[in-house]
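Enquirer: Take this structure first; my questions come after.
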Amino acid sequence: MASALFMVVLLAMASSVVLASDPSPLQDFCVTDQASPVLVNGLVCKNPKDVVAEDFFFQGLNKAGNTKNKQGSNVTPVNVMQIPGLNTLGISLARLDFAPYGLVPPHTHPRATEILTVIEGTLHVGFVTSNTQNRLIFKVLNAGDVFVFPVGLIHFQFNPDMHKDAVAISGLSSQNPGLNIIADQVFGSGPKIDRGLLAKAFQVDGSLIDYLQKQF
């Protein structure tokens with residue numbers, strides 16, 4: 001009896017891990033009440049009677065983002081913060097604009113798988129598998145090509161063309177995918193991570209760590 005109960009509990013735990021994702025809706029929709037002070041895992045719903053069409057609407061994804069920055073790229077998110085009606089629906093998207101030689105630097109989305117479609121131009125994309133293999137899986141994409149970045153893995157998008165812009169649209173499997181840009185977090189944290197610790201981790205001289213931390 002005890003062994004049977006153990007197996008039931010074990011299977012239940014395994015199932016909960018497999019099914020772990022954004023909370024599923026228990027009603028038609030759960031439009032975010034952005035004025036609510038209540039903090040929950042997710043966002044509080046407003047009264048369904050107060051819901052209007054604008055809660056499910058976003059305008060302007062046809063407009064190019066400003067790529068005049070150090071990376072030469074711009075990401076226009078369309079998640080639950082832009083469309084309150086996405087709350088509990090487990091989906092969002094983004095427009096990615098690239099100047100010639102523009103880059104979305106190595107980063108992760110801790111809560112979402114990403115599927116990217118190139119609309120215009122060429123992109124060099126890839127992701128790195130987890131330890132201990134650390135295998136780089138990459139591809140050069142052209143307009144109409146699609147590529148998937150598994151949840152939580154470090155990945156990047158780069159426009160290798162030195163003369164033409166590139167545009168892509170990404171779908172993400174979370175209303176709030178999260179974004180961790182690796183260099184920003186490692187060298188730009190506040191307070192700073194100890195230089196000796198980073199020098200040891202990267203096996204470089206401490207003066208290089210000082211230089212990198214000043215850049216962020």
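All residue numbers here begin at 1 and follow the chain in the order shown.
Note that Cβ sites are derived from N, Cα and C of the backbone, with glycine treated the same way.
So TrEMBL has the following annotated:
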{"type": "SIGNAL", "residues": "1-20", "note": "signal peptide"}
{"type": "DISULFID", "residues": "Cys30-Cys45", "note": "disulfide bond"}
{"type": "DOMAIN", "residues": "59-210", "note": "domain 'Cupin type-1'"}
{"type": "BINDING", "residues": "His107, His109, Glu114, His155", "note": "Mn(2+) binding site"}
{"type": "BINDING", "residues": "His109, Glu114", "note": "oxalate binding site"}
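In the displayed structure, how are the listed features positioned relative to their neighbours?
Expert: Under 8 Å, Cβ to Cβ, and six or more positions away along its own chain, Cys30 (disulfide bond) finds Leu43, Cys45, Asn87, Thr88.
There are 23 other Cβ atoms within 10 Å of the Cβ belonging to His109 (Mn(2+) binding site).
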Enquirer: Got a sec? Which of these binding-site residues, His107, His155, has the most Cβ atoms within 10 Å?
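Expert: Top count of Cβ atoms within 10 Å goes to His155.
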Enquirer: Would you identify which of the recorded positions Cys45, Glu114 has the most other C-beta atoms lying within 10 angstroms of its C-beta?
Expert: Glu114
